């Protein structure tokens with residue numbers, strides 16, 4: 001009980017990127033611009049899909065939900081990271097606060113990964129079974145797949161967060177990161193974390209490999225179907241609907257795999273922070289840019305919306 005009380009009173013601090021205040025302010029400005037750009041881009045996609053009846057199809061339903069997930073996903077990290085940058089690492093976060101941030105980050109990130117697999121399945125049905133697409137991808141099924149993504153994200157996040165915050169923390173309380181990421185927090189525990197690290201690795205491997213296997217399988221069938229299309233224009237149009245999704249998948253899964261599937265012996269806190277910037281700040285910006293630049297329907301909807309103003 002005494003150990004639990006000591007742990008409950010501990011506050012964490014995030015290590016600054018630099019000891020130079022000017023560099024910290026520069027990073028703050030960069031993070032703020034990226035955060036606001038991400039909010040603007042993803043909000044635009046979500047609103048465009050909502051207000052345009054022509055975009056009320058499963059593909060854009062999932063895209064709009066991905067945009068909303070990205071908004072909450074980034075917002076779980078950015079405010080505390082920005083405050084920490086301005087205070088030179090002096091903004092404290094309590095253990096419950098750190099646990100809450102970790103829970104929502106893993107919950108939304110896990111749902112994001114599952115939703116990308118759902119979107120690959122949607123493209124698979126659209127290209128391989130175009131005549132049966134509307135019957136297979138019914139609205140009830142789309143809602144169930146979206147809810148299922150959230151449920152799986154929740155079921156992933158809750159036990160991992162509980163597992164990590166049952167560890168005792170004492171003494172050193174500086175997190176070598178800009179948010180409460182699982183590997184960084186576990187390094188501060190004053191107990192053997194081998195079991196926890198093994199559990200994190202196994203769960204991360206399953207969560208990343210299963211959706212990625214489904215995505216890869218879907219695209220094998222998609223590519224085979226595209227190659228059977230006789231006209232070059234038809235092949236180009238079919239591929240353009242998938243290329244945006246492939247780019248987003250490579251960014252999301254590549255960065256996440258680097259953080260959570262790297263052996264502990266090769267894990268570098270500094271490199272971990274850099275890679276984390278990519279998938280917490282840069283990827284949420286690129287998602288709306290990639291989809292809007294390579295999607296004619298979205299560009300047309302945006303032009304129509306801008307004309308009204």
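Residue numbers in this text run from 1 along the chain shown.
Every residue gets a Cβ built from N, Cα and C, even glycine.
What TrEMBL records for 41-291 is domain 'G-protein coupled receptors family 1 profile'. Taken from TrEMBL, the feature transmembrane segment covers 23-48, 60-82, 102-121, 141-165, 201-227, 239-262, 274-293.
The stretch with the most CB contacts under 8 Å to the transmembrane segment (274-293), chosen from 23-48, 60-82, 102-121, 141-165, 201-227, is 23-48. Within the chain, the transmembrane segment (102-121) has long-range Cβ neighbours (under 8 A, six or more residues past its boundaries) at 59, 62-63, 65-66, 69-70, 72-73, 76-77, 145-146, 148-150, 152-154, 156-158, 160-161, 164-165, 179-182, 185, 207-208, 211-212, 214-215, 218-219, 245, 248-249, 252-253, 256.
If you average pLDDT over the domain 'G-protein coupled receptors family 1 profile' (41-291) in this model, you get 87.
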